[in-house]
């Protein structure tokens, strides 16, 4: 018998001799955990010689192993990754909880006493799993916390104050410049000779509003950094005095009519009123750099856009979104109730159904169909709005496709609705009072003719389906002109589903349908 190359029968690890194997079984797999085996000093015969079994220490110094999970070849799995444990990936017990893990998922070390309990002061370091590591006392319980919020507030307030001061400075310069230019225009615009003097006075006023930077030392535009030359002239911003270029492609500076500037900043305290004094078409322009334009007018434009009412397209789309939220909230409730009803009828089809549940489901279905009809009406109204730009036309097409896909997706679950969800109306008894609704069996309800309520709801559904079919067909025609073939394939599939559903509804209606 070869006693030199032996393998562990549990984890298949190879050892040079039996002594190493016995020590491995005692330490790693807990075969020497009993008191008898821990205190035994029986000798073993190895290669014809007596040798004492190797032990980690005396029995009083060994870690508790009775709680360790026993290894079963081909059955034991790692509690973290779930892989079957073998010699390649290892089979190691967590010293704390005793569960088996592979070598990869037992990387942590904790201090334990001989009873396998947490002992950070007097314990020794042992391998443990991630769960035992993170659940030890004191793990991530506390730490140094430095609240930097006041510092961030301070920095933000400084930057905000600087920006507000800069904006206030530009606004004061702008008001002073506009009022001065209008005053000069009203004074000198009556004769040609006075016009020559007016230009000189305006130039002096512009230089007094803000100091201009010496353009002789400036070789590059302060915004786009392009070098000045014969084709790229130097200009001064009338509010900040910075030297910029006049390239139309880069928009570093622009000459803007004073009337449009006043209308864009109508909240400023100008001396003149643009409407009363008829200043909208006054022939005076002011050159401003892009930085000053952004600081003065972007915030005002944003606030103005927020206060403005939504355009026709966006108003209709907002209403469509509100209806879709109602549909999304009602549809799961309806489907859950319908599924529970199907489960009840599947158990025993001869049982009578609760009339209260039937009425609730019929009411939910009626709400859903009305919501779909309203959603479809809003879609038609949105498409009838004349777009004001190419962007709005693109938005209309996108909304048309999205609404068709939405209704096609949401309304199809209603096609499986059985006739039991439309109970007959309450009947009156002989005394003239309303009696309880008649409860029928499922087999009886499925073979009867359609009621007036069913015909009405099927007609509403058919109307919605035909409208969606028309929308998709028109979209397909538009996409054929634009050669968007990939999207046409998807739309054709949706159209086939709609036609199939339309045919089903029409077959149910029969003579009660309409063309």
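A Cβ is built for glycine as well, from the same backbone N, Cα and C atoms used for every other residue.
Annotated by Swiss-Prot as region 'Disordered', the relevant range among 13-35, 36-58 is 36-58. When 237, 252 are compared with the Zn(2+) 3 site residues 221, 224, 245 in Swiss-Prot, the one appearing in that site is 252. The secondary structure of residue 289 (Zn(2+) 4 binding site), as reduced to three states from DSSP, is extended strand. For residue 94 (Zn(2+) 2 binding site), the nearest of the binding-site residues 237, 240, 289, 292 in terms of C-alpha separation is 292. Ranked by how many other Cβ atoms sit within 10 Å of their Cβ, the binding-site residues 94, 224, 289 place 224 at the bottom. For the zinc finger (6-29), residue counts in helix, strand and coil come to 11 helix, 4 strand, 9 coil, using DSSP. Among the binding-site residues 237, 240, 245, 252, 289, the residue whose Cα lies closest in space to that of residue 81 (Zn(2+) 1 binding site) is 252. For residue 129 (Zn(2+) 2 binding site), the same-chain residues 6+ apart in sequence whose C-beta sits under 8 angstroms from its C-beta are 79, 80, 94, 96, 97, 99, 101, 105, 106, 108.
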